[in-house]
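Down below is the structure, laid out as structure tokens.
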Amino acid sequence: MTRIGRLPILFVALLLVSAGSLLIGRHPIPLSALWAAVSGANPLLHALLVHVRLPEILAAVMIGAALSVSGSTFQALFMNPLVSPSILGVLSGAAFGAALGIVLGLPWGLAQVISFGFGLLAVLVALFISRLYPVNPVLMLVLGGIISGALFTALLTMVQYLANPYTQLPTIVYWLMGNLSGVRLSELRIMAIPILLAMLALTAFGKTMNVLSMGDEEAQALGVSVHWARIWIIALAIIASALTVSLAGMIAWVGLIVPHITRFIVGPDNRVLIPASALTGGLFLVIADDISRTAFSVEIPLGVVTDLVGIIAFMLVLHRLRKGWTA
């Protein structure tokens, strides 16, 4: 089977797992009652299916896809297997923005906008720092991202310290753990448009990323405007990853681990790797969400599950990296 021929298999697997996930949870929906839940003959099951399970599963697919595509993009662009969507400080900035919105008592919709805005601001800080020392543009951008991430992490800690310990702090802490239980269809309709457009654009940039991975001189010789191509690709990946934080909080490891799993399945060609990462990332996060809803008597934060699963997967990735890594 060709590498690209595995994309339909991943798509079918995602559909089947997502459909099955609608039926499981603390209150499972038996197959015998499925039609009653879908048609509305049983109002309680219908509300559970349409207003609770469906938004959660759709959010898991979209967020998993966005984080995985962003991770694959950054790993290809920086030619580093240990790069994740947090590399430029965008996730730390978005987390700080959301926490600030909670402390200020803003409506949740406005807090999400502020979260996205601070995610972009964190990247601008990283870009500004990289411009101060134009020695190695890629290396300085990574170092600028580390500094920016540390800055906004410190600001996040300060906001947590200043938050009301009885009303605001538990909300911030629970949100930072990452969860999908509060996601609504109205939010998904708004977030889905920019996230899907960003992922489609990154898929279109797959060939360009292949050329960029050969090095700047080779890319320029092949007619690629390296500077602008890198800016557009980074901007699209940032938009996709920042919106996931404003929607569901901090969900770690997905953007680091899933690209490696996908690369093992379809190979390093970014024209195939990017769409395959979207499918694998959605599948990964739906399964993780199933575990968070069914493994214990109470639903545990999704970020805890991705942390535990990510550690195991990361050890397997490290074992594979001993044999070499192909961007």
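Glycine is treated like the rest: Cβ placed from N, Cα and C.
TrEMBL assigns the feature transmembrane segment to residues 270-288, out of the candidate ranges 23-41, 270-288.
Of the Cβ pairs linking the transmembrane segment (139-159) with the transmembrane segment (270-288) and spaced 6 or more residues apart, fewer than 3 are under 8 Å, so the two regions do not touch. Ranking 57-78, 84-106, 113-133, 190-209 by CB pairs under 8 A with the transmembrane segment (229-258) puts 57-78 at the top.
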